[in-house]
Amino acid sequence: MSLGKDRYSLPRSYKRVSHAKEKARPELRKFGWDTLGYAESFNPPPLKDTIPRVDGKKISVDEFRRDFERPRIPVILTGLTDDWNAHEKWTLERLSKKYRNQNFKCGEDDHGNSVRMKMKYYHDYMLNNRDDSPLYIFDSSFAERRKTKKLSEDYKVPKFFEDDLFHYADHKKRPPHRWFVMGPARSGTAIHIDPLGTSAWNSLLLGYKRWVLIPPNAPRDLVKPMAHEKGKHPDEGITWFQTVYKRVRSPAWPKEYAPIECRQGPGETMFVPSGWWHVVINEGLTVAVTHNYCSVENLHLVWPKTVRGRPKLSKHWHRKLAESRPEVLKIINSCTDTPPQSLNDSSSDSSSSSSSSDDSSDSETEEDSGRCGLGNRKRRNDVCTSECPEKISNSMV
């Protein structure tokens, strides 16, 4: 039975939440948000935590690049958030008080427009919902809005990810790259690969996230739910855990696509290398921050995808890199995907290369062999970002 207005603590919560739900997922109007009873029945099997963990204070940037970023090996880094103000400021109590009247993105409508809710109503919903796949705050514009930009001062980008080559592009032209993330149990992200060949990092401040990562070469049809399994929640993490996860854990799962599983806890930072499939579900109330980035180690993957998917951005970015980081041009020049005349023409790059004001983002649904020196390319589709709900980011880690 759907949550009634008497279950919320604020008098307007029911109306505000119902309005957001109607805009974000109108297809559930008749079916209902809690019909499957996952709040009571969802119980994944015991975790097999197989990810390496490394003390982030005891490894250098060069060692990280050599051991994890270059070979594209997922890892959890510990200790990187120890001195963040977010540890004290990102509690549910403080967030719901300081930002109570600020709107945060918790979905998208059928036209790609942001669905937003005031923090005070989302907090009420977060604590009291029984939904099968709850609304999830995934907000990429928090650092640009005057009344929420303080959130960006509560954390700092870890040293391993500071050299983001997209920083050299004008801010309004680069794709969305950072998200404030907040959600209850059963919220999460469907299986996806991060956009434009980027890698991602995700630092968790509150709660626990369950991750499954699958190697880049795994076929899309193998890692995605089958058509008959999608039901009313086709693009939700909980659907994946109720369907594909059972196959992933079975002895019949191909050994060449062996998954990495883990439970990320408070203060831990997940590194997701370029191309890895990953799916996330929150085990309880969670608060996190996540960024997508391009470095010298994954530029050979990012550049061909950017040329193909965001050609005007690629021309602008190339000019900026030539001015500020000319040493990386040899990586770009080695990419056979780069059209020889595309970087020197005089066409404008001010329109389609600009990122949307609605937190949208480009992405792929499958491993795209868009690395330097490789010619075969698969079709791009829309999916999502580093740890991002497909319903929320359907255009863009």
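Heads up, the Cβ atoms here are built off N, Cα and C, so glycines get one too.
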Fe cation site partner of His192, Asp194 (as recorded in Swiss-Prot), chosen from His87, His278, His291, His300: His278
Thr290 (2-oxoglutarate binding site) and His278 (Fe cation binding site), Cα-Cα, nearest whole angstrom: 14
Structural state of Asp194 (Fe cation binding site), classified by DSSP into three states: coil
Among Thr189, Asn202, Thr290, which are binding-site residues, the residue with the most C-beta atoms within 10 angstroms of its C-beta: Thr189
